[in-house]
Structure formats: C-alpha cells, structure tokens
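Following: one structure in structure tokens, then a few remarks.
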Amino acid sequence: MSDATVFPVPEDLAQNAWVDEPRYLEMYQQSIEDPEAFWAEHGKRIHWFKPFTKVKDVNYGPGDVHIRWYEDGTTNVCYNAIDRHLPTKKDDTAIIWEGDDPSEHEYITYGQLHDNVSRFANAMKARGVKKGDRVTIYMPMIPEATYAMLACARIGAVHSVVFGGFSPDALAGRIQGCESNCVITADEGLRGGRKVPLKANTDKALESCPDVDTVFVVKRTGGDIDWNDKRDVWWDEACAAADKECPAEEMKAEDPLFILFTSGSTGKPKGVLHTTGGYLVYASMTHKYVFDYHDGDIYWCTADVGWITGHSYIVYGPLTNGATTLVFEGVPNYPTASRFWEVCDKHKVNIFYTAPTAIRALMREGLEAVKRTSRSTIRLLGTVGEPINPEAWMWYHQVVGEGRCQIVDTWWQTETGGILITPLPGATPLKPGSATRPFFGVKPLLVDNDGKPLEGATEGNLCISDSWPGQMRTLYGDHERFVQTYFSTYDGLYFTGDGCRRDEDGYYWITGRVDDVINVSGHRMGTAEVESALVAHAKVAESAVVGYPHDIKGQGIYAYVTLNAGEEPSDELRKELVTWVRKEIGPIATPDMLQWAPGLPKTRSGKIMRRILRKIAENDYGSLGDTSTLADPSVVDDLIENRMNK
Ligand code: WT7
C-alpha cells in the first residue's frame with residue numbers, strides 16, 4: 001500500500017457532519033493561535049456549578065511541572081453524565097447491556113441509571129467511603145461496573161478500575177499502589193462461556209491488603225464463593241437498603257476523578273491520575289467530534305472498562321453527551337465469529353469502535369462470518385490501541401463497512417485521557433494506516449534523539465508541545481516519577497514514548513513504542529514486569545523480554561530465560577514458566593515464545609543489549625549491528641542457533 005491511496009470524504013457525510021474540512025482547518029487554527037480563548041469557549045460544554053474564570057495554568061518545565069485547567073470552577077462528573085439529561089432524556093436508553101450469552105440483554109434508561117448509581121453511592125457512604133477515598137473496581141463488563149464508577153464520581157471518591165483479567169498479585173499491587181480500603185467486585189465474571197473467579201481472586205489479593213475493610217460483591221453467576229461477614233457486602237442488599245437520592249458532591253475542577261494503572265518501561269505499573277473538569281470537557285468533546293456523534297445514535301465501543309478506552313469512550317464521554325452506549329460482556333468470537341456484527345444488527349449500532357487485534361482475528365475467520373450479517377445501521381468505524389496495518393484497515397473498510405463507512409484510526413494513550421491524533425469523519429481524507437491529523441488544540445512535534453525538532457516530512461520521536469484539558473496531572477503518589485518519565489527526556493515537551501513518521505501532507509503515522517513497552521493485542525506491557533515475574537520463579541536466574549511482530553496480536557512476547565546452575569531446560573519447564581507468568585500477572589502477559597539462553601548479550605558493564613535480542617526475536621539476525629562491545633560475543637551465536645521464531 002503506498003501513501004498515495006487516499007479515501008476522500010464522501011460528499012453527503014461532509015454536509016451532515018459537525019465539521020467539514022474547511023471548518024476543521026479553521027477551528028484547528030483558532031485552537032493553536034489562541035488556546036485560552038478556544039478552551040474557554042469549549043469548557044462551557046459541560047455544566048459547572050460554579051463557572052471557571054481561569055482556563056489554563058501549565059508548566060512543562062523547567063521548574064515546577066504542573067498542569068491545571070479550569071482551576072477555579074466546580075462541577076461533578078456524575079451530574080454531567082446523568083442528572084443533566086434527566087429533564088429531556090429520563091426515559092431514553094443510556095446503556096444497552098449485551099451479555100456474554102446472546103440471549104441476555106438489558107436496556108437501562110437515564111432515569112434508571114440515576115437511581116441505580118445514587119443507591120450504590122449511598123451504599124458506599126453507609127460503609128464509610130467518602131470524598132477523596134480510593135476505591136478499587138475489579139469487575140466484569142456488567143452494568144454495575146459503570147454504576148460503580150459513576151457512584152464514585154458522584155460522591156467524590158477516586159476510582160481505580162483494575163481489568164478483570166489481572167491476577168490476584170497484580171490486583172493486590174494496584175490496591176496497595178493507591179491505598180484503597182474499598183473493593184468492588186462480582187462473584188464471578190463470564191467471558192466466552194467461561195467463568196472468571198473474581199471474588200476468589202479478590203480474597204487472595206486481600207491477604208496482602210489488610211487495610212481493605214469493605215468488599216461489595218455483585219451476584220453475577222451465583223457460583224460458590226467464600227464469605228467474610230465483617231468485610232463482604234452483597235451489592236443488591238446494600239442497594240436495597242439505600243435511598244435513591246444522593247446529591248452530587250461539588251468538586252473542584254482539579255480534584256482527582258480516577259487513577260488507572262498502566263505499564264511503563266521500568267519498575268512497577270504507574271498510577272496515572274486524571275482529574276475532573278478538564279478530563280470531562282476533553283472526553284466528551286472528542287467523543288462528539290471524532291465519532292461525529294449525533295443525538296439518537298447508538299454507539300458501541302468494545303473495550304473493557306479496565307482500560308482508559310472504557311473510561312473515556314464507554315462511560316464518561318458518551319454519557320456526558322447523552323448518548324446510548326453499549327456495554328458488552330463477551331468476546332468477539334463467542335459463540336461464533338459473527339458476534340460483533342450480530343450485536344450491531346440486534347441493537348442497530350451506528351458507531352462501532354474496536355481494536356486492530358480484534359479486526360485481524362476476525363479477518364482470519366473469513367468473509368462468510370461477516371457477510372451473513374447486515375451491518376446496515378453502521379455509519380462509522382473506529383480503531384484504537386496499536387498501529388493498524390493497511391491490510392486490516394482495508395478489510396475493515398471494504399468488508400465490514402462495505403466501502404460506505406469512514407474509518408477513524410484514533411491515536412492516544414492512558415496518559416492523554418482522550419484522543420489526540422485522529423481523522424474527523426466529515427473533514428479528513430483517509431490514508432489506510434495513518435492516524436492522520438491532530439485534534440483541536442493538540443500540537444504534535446517530532447524530535448530526533450537529541451531533542452532537535454524536525455520539520456516537514458520526517459520521522460522521529462513523538463512529543464506534544466502544549467497541554468490539552470484531558471492530560472494526566474501526575475502519577476499517584478509519585479510526582480517525581482511523572483516529571484522524570486514524561487518531561488525529562490526532551491526539555492519542555494511531553495514525550496509519548498512513540499515513534500512516528502509525518503508525510504508530505506502533514507499526516508502522522510505512528511510506528512510503535514520506542515521504549516521498553518510492548519503492545520500486545522492493544523494492551524500495554526512493560527518488558528520489565530514480565531522479566532520480574534520470570535525471575536521470581538525459583539529455577540530462573542535471569543531473563544530478558546522483548547516484543548516481536550505477531551500476525552494477530554501486533555506484538556508477541558518473546559522471553560529469553562537463563563536457568564539457575566544445575567537446572568535442566570525441558571518442554572515441561574517451559575510450560576511451567578509460561579503458566580507461572582500468567583498466574584503472576586494475568587493471561588495478557590503470557591509469553592508467546594520462551595527461549596533458553598545459557599547467557600544474555602551484555603556489555604562489559606553488564607547492560608543487556610536488547611537491540612540484539614529484538615533482532616533475533618524478529619528473525620532478522622542478518623543485521624545485528626556491532627556486537628564487538630559485548631562481554632561475550634559468542635552468546636549471540638548460541639541464541640541465533642536456538643531461536644524459537646524460525
Ligand atoms: C499506546 C498507548 C489509548 C487507548 C488504548 C491504548 C499505542 C494507541 C494507537 C493508534 C498506533 C496506537 C501507542 C500508544 N496506540 N492507539 N491508533 N495507532 N498506536 O492505551 O495502553 O495507554 O497504550 O498504544 O503506542 O503509546 P495505552
């Protein structure tokens with residue numbers, strides 16, 4: 001596919017969309033020339049209890065690094081997502097819930113959402129949860145997961161949602177990492193017909209979290225679970241005993257809304273902190289423009305609420321816009337590979353947002369699984385999480401969208417809170433594989449490794465040179481690490497960790513991470529986390545983990561393992577180690593390849609040369625570069641000889 005393939009905006013779409021190309025260019029120009037005026041205007045899109053007078057106070061360094069938006073305004077996120085719509089939309093559907101089993105679904109109106117959320121908010125209060133407390137949510141994709149998030153926002157508690165696929169250890173680390181003493185979970189989750197032991201995992205995690213005094217448990221499957229009378233509370237009983245009126249707490253714009261742990265290139269997962277006012281302005285505004293959301297549209301984002309995509313584009317963005325948002329409990333290929341498209345037909349979905357890894361997996365299942373569904377209600381298709389290869393893009397466009405739907409390839413991160421680089425449906429001619437152009441107010445900058453800005457068509461490290469309202473504010477409890485990670489690589493710039501090319505039309509093409517973070521099926525994994533799980537095994541002396549190209553997952557996990565003296569490699573031990581990592585972190589961290597390494601390529605000072613390990617994993621050992629600085633160059637020959645990825 002050459003860069004020359006361009007899909008222009010269909011005429012009728014440009015006419016009916018919020019913005020066409022001239023309007024995009026004009027608004028973008030305004031947003032860059034006078035950000036204060038632009039964001040003052042758009043800050044009004046949410047309801048403020050007390051209007052802001054200050055718009056922006058940002059310093060990317062040197063000196064005290066801080067990011068503040070709409071600082072003197074007060075509001076409440078839950079009020080904006082629910083109460084504000086009640087006069088006009090009380091009986092409109094807020095949430096369509098589609099169960100794992102196709103026979104189960106539910107429609108929840110804004111009125112019902114209000115009552116359910118308020119009751120649970122009161123139930124939390126009754127257990128002593130208050131403004132500023134951190135609450136951990138470890139749940140399946142059921143309506144209660146969204147109620148729990150919104151209830152926290154309502155009373156000013158700070159939620160930390162932990163993906164239900166994480167292990168007890170990973171959960172414990174995240175509970176400790178934000179010092180929460182309340183956890184919300186379910187007896188079991190249900191995914192692809194299989195049960196996930198969420199309560200049992202929680203019990204296990206809490207063995208090392210003595211400060212947790214309350215666990216709310218939703219009954220999802222009715223499966224057998226252990227019960228601790230002092231600590232555990234059934235969701236239903238607590239809500240039945242609670243009032244359905246609960247005033248929304250008045251929050252300052254910069255009060256924390258949530259923490260979300262994500263992987264970094266080193267050390268433990270980082271607690272990314274987002275705040276209230278700016279986040280909500282940005283999440284709702286991007287949801288409106290990027291998905292060209294109009295009143296009455298049925299919108300479906302297939303992510304899990306355990307990731308930022310679920311926060312911004314299942315819950316907060318859509319609900320703040322009064323949308324109908326679909327919450328799906330299941331997986332793309334259960335009971336069949338037609339499930340996504342069947343759900344689109346069943347609920348008349350207009351806007352569909354998913355990940356390249358799902359597209360590639362479904363592409364493999366052949367045309368028939370798609371063609372036997374109608375998909376006629378779909379108007380717009382979105383993708384997020386990793387670079388989409390042009391082949392998958394074309395399949396999405398031609399087969400799923402029958403050439404009729406624009407595709408929005410949206411680039412962003414947990415840290416950015418919302419979409420930063422993306423097409424706008426009525427405004428942007430598309431190039432398959434490119435996230436195209438910046439959203440309003442976003443100033444991308446490509447720099448070389450010395451931080452020198454690069455002009456025109458070029459390739460470099462992707463930075464953003466000015467703030468936008470949805471940006472993260474700090475890492476929970478570790479502002480120093482925040483400054484170090486994001487603002488110290490290049491002076492005065494937010495560094496994304498991504499590599500990127502800009503073409504002659506000013507279009508951006510994300511090339512992937514340039515740090516030690518890998519992207520497996522759109523999930524972020526720190527290679528250091530997988531390594532530390534491996535060396536925690538009694539038989540492992542050392543390990544190095546790198547990413548390698550994987551047909552479905554985008555990147556796979558390739559682990560090199562050195563055993564302790566006296567330990568013998570075997571297929572059995574390989575299986576044991578793979579299972580071990582799944583147990584330590586969760587299934588998303590499962591190594592795809594595990595190679596025995598009698599030695600790792602290290603410099604004389606002991607630093608592992610990952611560049612070489614990446615090349616071997618990629619099966620590209622012809623271009624290893626200079627290996628003469630290695631302490632023992634012969635280890636490379638052994639690794640090549642025994643590589644897994646032949
Ligand atoms: C990393 C962020 C943002 C929600 C999902 C992932 C990669 C994300 C794209 C895209 C190319 C993408 C980047 C980024 N990424 N979207 N459209 N094209 N790469 O959030 O877990 O914070 O991961 O995902 O490498 O840095 P995340």
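The first residue you see is number 1, and the count goes up from there.
Placement of Cβ uses the backbone N, Cα and C atoms for every residue, glycine included.
Since we're looking at a predicted model, the values are computed, not measured.
Across the domain 'Acetyl-coenzyme A synthetase N-terminal' (24-81), DSSP classifies residues as 24 helix, 11 strand, 23 coil. The domain 'Acetyl-coenzyme A synthetase N-terminal' annotation in TrEMBL covers 24-81.
The feature domain 'AMP-dependent synthetase/ligase' is assigned by TrEMBL to 85-467.
What TrEMBL records for ARG191, GLY192, GLY193, ARG194, THR309, ASN333, SER521, ARG582 is CoA binding site. Note: GLY192 (CoA binding site) has non-local neighbours ASP100, GLY330, VAL331, ASN333, TYR334, i.e. same-chain residues 6+ apart with C-beta under 8 A of its own C-beta.
PRO387 (ATP binding site) falls within neither a helix nor a strand when secondary structure is assigned with DSSP, and so counts as coil. Per TrEMBL, ATP binding site is recorded for GLY385, GLU386, PRO387, ASP409, THR410, TRP411, TRP412, GLN413, THR414, ASP498, ARG513, ARG524.
Summarising the annotation, TrEMBL assigns domain 'AMP-binding enzyme C-terminal' to 529-607.
Residues or ranges marked as Mg(2+) binding site in TrEMBL: VAL535, HIS537, VAL540. The Cβ of HIS537 (Mg(2+) binding site) has GLU576, LEU577, TRP580 as same-chain neighbours under 8 Å, each 6 or more residues away in sequence. The DSSP secondary structure for HIS537 (Mg(2+) binding site) is coil.
LYS607 (N6-acetyllysine) falls within neither a helix nor a strand when secondary structure is assigned with DSSP, and so counts as coil. The N6-acetyllysine annotation in TrEMBL covers LYS607.
Considering only the binding-site residues THR309, ASN333, the Cβ with the fewest other Cβ atoms within 10 Å is that of ASN333. A coil conformation is recorded for GLY193 (CoA binding site) in the three-state DSSP classification, outside any helix or strand. The Cβ of GLY385 (ATP binding site) lies under 8 Å from the Cβ of THR309, ALA355, PRO356, THR357, ASN519, SER521, GLY522, HIS523, each of these being in the same chain and 6 or more residues away along the sequence.
Taking a Cβ cut-off of under 6 Å from any atom of ligand 1, the binding-site residues GLY192, GLY193, TRP412, THR414, SER521 reduce to TRP412, THR414. One way to see the shell of the Mg(2+) site is to take the Cβ centroid of VAL535, HIS537, VAL540; the remaining same-chain residues with a Cβ within 8 Å of it are ALA533, LEU534, ALA536, ALA538, LYS539, ALA541, GLU542, SER543, VAL561, LEU577, TRP580. When the Cα of VAL540 (Mg(2+) binding site) is compared against those of the recorded positions ARG191, THR410, THR414, ARG513, LYS607, the shortest separation belongs to LYS607.
Summarising model confidence by region, the domain 'AMP-dependent synthetase/ligase' (85-467) averages a pLDDT of 98. Ranking the recorded positions ARG194, VAL535, ARG582, LYS607 by Cα distance from THR414 (ATP binding site) puts ARG582 first.
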